[in-house]
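Asker: Have a look at this one before I ask anything.
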Amino acid sequence: MTSYSYRQSSAMSSFGGLGGGSVRFGPGVAFRAPSIHGGSGGRGVSVSSARFVSSSSSGGYGGGYGGVLTASDGLLAGNEKLTMQNLNDRLASYLDKVRALEAANGELEVKIRDWYQKQGPGPSRDYSHYYTTIQDLRDKILGATIENSRIVLQIDNARLAADDFRTKFETEQALRMSVEADINGLRRVLDELTLARADLEMQIEGLKEELAYLKKNHEEEISTLRGQVGGQVSVEVDSAPGTDLAKILSDMRSQYEVMAEQNRKDAEAWFTSRTEELNREVAGHTEQLQMSRSEVTDLRRTLQGLEIELQSQLSMKAALEDTLAETEARFGAQLAHIQALISGIEAQLGDVRADSERQNQEYQRLMDIKSRLEQEIATYRSLLEGQEDHYSNLSASKVL
């Protein structure tokens, strides 16, 4: 922080402003030149006014810079050369200090201008030759990202295909086990049908044996009856005609044969109808089972297709979400960096403005000091001109 001080000391003297201050001079006036100490760039500048001692002379220049000397003319005449020389030295010292202050002010202005030039925006550089490289790198990054996403998608598709094949294998294995179970069930049904057929065949064999047994008994009865008929004595009796045994036996044989044939046909018809009924039931159940299996297979395939499509969509969604998150993170970091740069530049701009305001205030203060010094120099000049006129009048009166 640049500090300026204006110090004034005197034993019995006072300086006033232009609006009505007073200046006192006395015999043996002693002046001390004002001193200016300036640091680098105008910092730490200290201005102290001249010191003079007066005992009995006073003058006022409240409005018209008029001055009255009350000291004895003899004392002034005796110290005329010394006083004038002292005043001239003090005036020269004031002028030198003013020039030094102006030089310091000029240096300060140059430094302020240099500082503004350094802090201001420099000449714009041509970065157009970097744009192609940046665009190529961005294209490569984008291509690598797309390739990575494609590879990830292929991996997911391969995983889904493997899961699909595993599911299909498990499904086919389950179907194979189901078919084997159905085959085992049909084998049990076939065994039951075989047992039923064997039972029916045994029944037919029993009926055939029974028919053979009946035929045998019938033949034995016929043989017995024939033997009985052959051993009888022919006795002619005048009676009613007897029954024809051969005809009776023939009728019985025909009846038994008809009954046996009817039983055989009934058994064959029952066996055939039962077999056909069982075959129809087996065919109906088999067809229904095949339809149910085909329907279940179609539903499973549809479910697998939907699951594969769902997994593909979920994988694509996850990949897109990852890409979106990566893009948001990258552009968020870039935005934060740009925002930090903007904040830093705004802070620097605020510092520059504050420093510029401070430099302007210091400049105004220096200009005020310069104007006051110029006013004091003008006052001294008017006083010196008044003293020279007075001394000239005194010298002329003495000569006369």
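The backbone N, Cα and C atoms fix where each Cβ goes, glycine too.
Here Swiss-Prot flags ARG7, ARG24, ARG32, ARG43, ARG51 as omega-N-methylarginine, drawing on similarity to another entry. Residues annotated as phosphoserine in Swiss-Prot, with similarity to another entry given as evidence: SER14, SER35, SER72, SER395 (among others). Sequence annotations record features per position, and here Swiss-Prot assigns asymmetric dimethylarginine to ARG24. Positions annotated as phosphothreonine by Swiss-Prot: THR323. Annotated phosphotyrosine per Swiss-Prot: TYR391, in sequence order. The region 'Head' annotation in Swiss-Prot covers 1-79 and is backed by sequence analysis. Among the features that Swiss-Prot reports, region 'Coil 1A' is placed at 80-115, with the record citing sequence analysis. Among the features that Swiss-Prot reports, region 'Linker 1' is placed at 116-133. Look at Swiss-Prot and you will find 134-225 tagged as region 'Coil 1B', backed by sequence analysis. Residues annotated as region 'Necessary for interaction with PNN' in Swiss-Prot: 244-390. Annotated region 'Rod-like helical tail' per Swiss-Prot: 388-400, in sequence order, evidence recorded as sequence analysis. According to Swiss-Prot, the feature site 'Stutter' maps to ALA267, THR327.
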Asker: Ranking the recorded positions THR323, THR327 by other Cβ atoms within 10 Å, which is at the bottom?
Answerer: THR327
Asker: Using C-alpha atoms only, work out the spacing between ALA267 (site 'Stutter') and THR323 (phosphothreonine) and round it to an integer in Å.
Answerer: 82
Asker: Quick check on the region 'Necessary for interaction with PNN' (244-390): DSSP residue counts for helix, strand, coil, in that order please.
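Answerer: Taking each residue of the region 'Necessary for interaction with PNN' (244-390) in turn, the totals are 146 helix, 0 strand, 1 coil.
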Asker: Could you give me three numbers for the region 'Coil 1B' (134-225), the DSSP helix, strand and coil residue counts?
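Answerer: Summed by class, the stretch gives 92 helix, 0 strand, 0 coil.
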Asker: Based on DSSP, tally up the residues of the region 'Coil 1A' (80-115) by helix, strand and coil.
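Answerer: Helix, strand and coil residues of the region 'Coil 1A' (80-115) number 36 helix, 0 strand, 0 coil.
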